[in-house]
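Down below is the structure, laid out as structure tokens.
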Amino acid sequence: MSDEPEHTAKVEPLRKPLPCPECGHPSHREHYPFCSDRCRTQDLSRWLKGSYAIPVAEDESNPDDDGRF
């Protein structure tokens, strides 16, 4: 074995770190798009509690009513 340094390729990340949607710190690959498991769990908790909601347009027609009667 020689004492020469090993030549290794520089690995570029697949995507640039974006700010964590919870706290603003740079995201990490393991928890993308979050920076940590804590932020990821906190976001999941908000979804499960119903803090986030996807808006739905109210439609007054009944989808089960096919107009036969």
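Glycine is treated like the rest: Cβ placed from N, Cα and C.
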### Task
Write down the single range among 1-22, 45-66 that appears in Swiss-Prot as region 'Disordered'.
1-22
## Note on the structure
Simplified DSSP label at Cys20 (Zn(2+) binding site) comes out coil
#### Entry: Nonlocal neighbours by CB distance (under 8 Å) for Cys20 (Zn(2+) binding site), same chain, sequence gap 6 or more
Pro26, Ser27, Pro33, Phe34, Cys35, Ser36, Cys39
